[in-house]
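Down below is the structure, laid out as structure tokens.
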Amino acid sequence: MLDGETLKALYEKHCKHGFKYSYGTAGFRYKADILDTVMFTTGVLAGLRSLHLSGQTVGVMITASHNPPEDNGVKIVEPRGEMLEQSWEKHATQLANCASESYASFATNLEELVKTLKIDTNRSGGIAVARDSRESGPRLLEAFEAGVQAFPTLRIRDYGILTTPQLHFLTSKTNEFPQNVEKDEKLYYNEFLSAWDEITTISGIEALPFELKIDAANGIGGPKISAMLSQRQVFKNAYEVSNADWQNYAALNYCCGADFVKTNQKLPHGIAVGETFNARRINCSFDGDADRIVFYYNDPQGQFKLLDGDKMATLFAKFFQQLLRSSGLQKDVEMGVVQTAYANGSSANYLEQVLGVSVKCTSTGVKHLHHEAVKFDIGIYFEANGHGTVVFSSKFVELLNSKLATDSQSSPESYNSLKLLSVFTRLINQTVGDALSDMLAVLAVLLVLQWTPQKWDEEYTDLPNRLIKVVVPDRTLFKTTNAERQLESPANLQQEIDALVSKYDNARSFVRASGTEDAVRVYAEAASREQADELAAMVGKLVENC
Ligand code: 16G
Ligand code: ZN
């Protein structure tokens, strides 16, 4: 470990005093100008985590996702690509807050952590770091790297600008793959494009039968999706990337991107729809770090229709269910869908009542959904906002491989389904929700089923819903239970909400404190647009006045 004097000099260069940090839904996220201290301590913490995990490489992503350009944040990625182990969130918070107090407090806390976690600070280890396209990224990276220097035995690999899922993927591959395989963006593109190639072979297409418009939120997903799709002839002239101005810092997520489209339920800037209806036209929006995607289209009447995370979860559930049936595997494989309270009531109904698939509800945030999804052989998890993926158990992958090895004599339909299942385990980025890989996977399902976006949408009808944000003096007073569907405090507020909900048809509403912004979120759905809007506004008033 670095000597006290040198560490102190680094601390003084990067840390400021007097701010209290808390660990949010997915790491620390604040205005970029108050993040230097927490970046420095995250460098230290990521180092500790790598050393604690026998020197495996730990990933760090500097991003504030869909948030405005002046924000930034940081998340820590485990060696297999998951979010930081939750029991370590308190260490991350404590270290940041001690550093925000004084050097002495930081040094004491660090020493205690090393001791209680029994960390050998002399061993080697590794950190993989990347950032999104924000202006504050390089400065925060510098503070982060200074923190990592607390342990001179650690190697840092700086990947520059990546999407969040690329960093998750490369972190996981760094730990999984032999030394002689170069862990770079090429590896990422090859992985998903080679799976995609099998899809085009199976479906026998030479040109994509869709007119695909991508809104890249003026974030890093723009150049990356172009780098990916331009490698394949099948996409030639079939897609267009809008809002690809990733070097214009102020444009990031502004009036565009997945969050804008989902929240406002309308087209983003830069995506226009033609005069005449085109059944093959499909649009999608990424968020700023490309770990979310939502699709949408305009129906023959010209009305905007959103195909969000719930629609993706149900599409995958239906598709995999069909493949499991036709390959004769449905009895051996447990498939489930994991959602949050934001999932539209109609989607859960469709899954349970129409498809007969089991549905679990967890708190918001990938760490919660992922954790629950890995309990299934095929665990499909999506937040309504478009963040999600599918995870496949190793038992399922082994079963597939052994069936594929022995079943080549069985019916062509069954063999084809086994092959498709196997391709999808490789087409989907299982480490985390990934706009690029999710986009390919959705297109692949539509191709195989020969569905248009409208056909996909017609499986069920969403209940009209509204999400609003209420700024309150202290959002920490809002405590929830039952996977965030009910409030425990402030006292009596839940009863008041329930009383309001009972006045509307098919209605549901819940309130939770945001984990990424200083605000409280109110969700409402009901049988009609007017009712959903009115209920959200009424519950919002209750929150404001409590
Ligand atoms: C973070 C989460 C996202 C969640 C959102 C909720 C990850 C990687 N990201 O962006 O899944 O939907 O926070 O934000 O977990 P909120 O707490 O402000 O509503
Ligand atoms: Zn994101």
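Glycine residues also receive a Cβ, built from the backbone N, Cα and C atoms like all the rest.
Together with Asp287, Asp289, Asp291, TrEMBL lists one candidate of Ser65, Ser502, Ser509, Ser514 for binding Mg(2+), that being Ser65. Listed binding-site residues: Asp287, Asp291, Glu383, Gly515. Those with a CB atom under 6 Å from ligand 2: Asp287, Asp291. Between the domain 'Alpha-D-phosphohexomutase C-terminal' (467-539) and the stretches 56-95, 185-294, 308-451, it is 308-451 that has the most C-beta pairs under 8 angstroms. Ser65, Glu383, Asn385, Gly515 are the recorded positions among Ser65, Asp289, Glu383, Asn385, Gly515 whose C-beta comes within less than 6 Å of an atom of ligand 1, given in sequence order. If you take the CA of Ser65 (active site, phosphoserine intermediate) and look 10 A around it, the binding-site residues you hit from Asp289, Asp291, Glu383 are Asp289, Asp291. Fewest other C-beta atoms within 10 angstroms, among the recorded positions Ser65, Asp289, Asp291, Asn385, are seen around Asn385.
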